[in-house]
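Take a look at the structure set out below.
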């Protein structure tokens with residue numbers, strides 16, 4: 001294979017991978033998720049069309065603020081295929097995020113989707129970090145929109161210490177997935193070895209254990 005052929009083949013392969021990088025297009029009108037099926041596929045198997053109802057396409061869970069009762073001061077209510085079975089194979093979903101005064105949605109990523117937020121109430125400091133370690137940050141207010149590119153670490157912080165805030169998030173995936181940086185590193189099961197974390201963060205074992213104890217899920 002000469003160099004031109006190699007470049008063409010590489011370019012064609014790259015375009016193919018890009019085309020397959022998001023949820024696949026549906027090949028039928030409806031594929032409502034059968035979440036009771038034991039069959040594992042990339043997504044969910046389809047329930048029989050005779051069993052589909054309008055309720056499979058309905059969810060009322062993001063119409064009002066969630067109760068925020070955690071230490072970081074934010075709560076996420078997903079409206080994805082796990083809540084709306086009719087989203088299966090459609091490649092879209094929503095979420096509502098509510099922030100207590102001064103609340104934070106900690107640095108995290110969505111491995112399967114780009115996120116677009118629309119501010120319902122309040123004012124937020126938001127930002128994302130590229131793989132070149134560059135921060136793009138901005139303050140967004142009610143009625144404004146901000147985009148977080150797929151897979152990049154990002155955050156949102158309510159900069160008002162007296163009033164709550166809320167946003168609606170849109171994703172180009174039926175189930176975008178979320179990895180919170182702190183929780184992923186310090187509460188993994190089985191745990192990441194302490195020597196990996198102490199070397200990565202240049203801190204001692206005692207500090208690692210202290211962080212783990214603060215992030216550990218509350219029992220009971």
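All positions are counted from 1 along the displayed chain.
Glycine residues also receive a Cβ, built from the backbone N, Cα and C atoms like all the rest.
Lifted from TrEMBL, the feature list:
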- 105, 110, 115: oxalate binding site (BINDING)
- 108, 110, 115, 154: Mn(2+) binding site (BINDING)
- 31-46: disulfide bond (DISULFID)
- 1-21: signal peptide (SIGNAL)
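Structural mapping of features recorded in TrEMBL.
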{"residue": "31", "record": "disulfide bond", "Cβ within 10 Å": "21"}
{"residue": "46", "record": "disulfide bond", "Cβ within 10 Å": "19"}
{"residue": "105", "record": "oxalate binding site", "Cβ within 10 Å": "25"}
{"residue": "108", "record": "Mn(2+) binding site", "Cβ within 10 Å": "20"}
{"residue": "110", "record": "oxalate binding site", "Cβ within 10 Å": "23"}
{"residue": "115", "record": "oxalate binding site", "Cβ within 10 Å": "24"}
{"residue": "154", "record": "Mn(2+) binding site", "Cβ within 10 Å": "23"}
Open item on the list: Whole-number answer please: how many Å between the C-alpha atoms of residue 46 (disulfide bond) and residue 105 (oxalate binding site)?
Closed with: 34
Open item on the list: List the residues in the vicinity of the oxalate site, defined as same-chain residues other than 105, 110, 115 with C-beta within 8 angstroms of the site's C-beta centre.
Closed with: 95, 108, 109, 117, 148, 154, 156, 169, 171, 176, 178
Task: Alpha-carbon distance [residue 31 (disulfide bond); residue 154 (Mn(2+) binding site)] in Å - done: 32
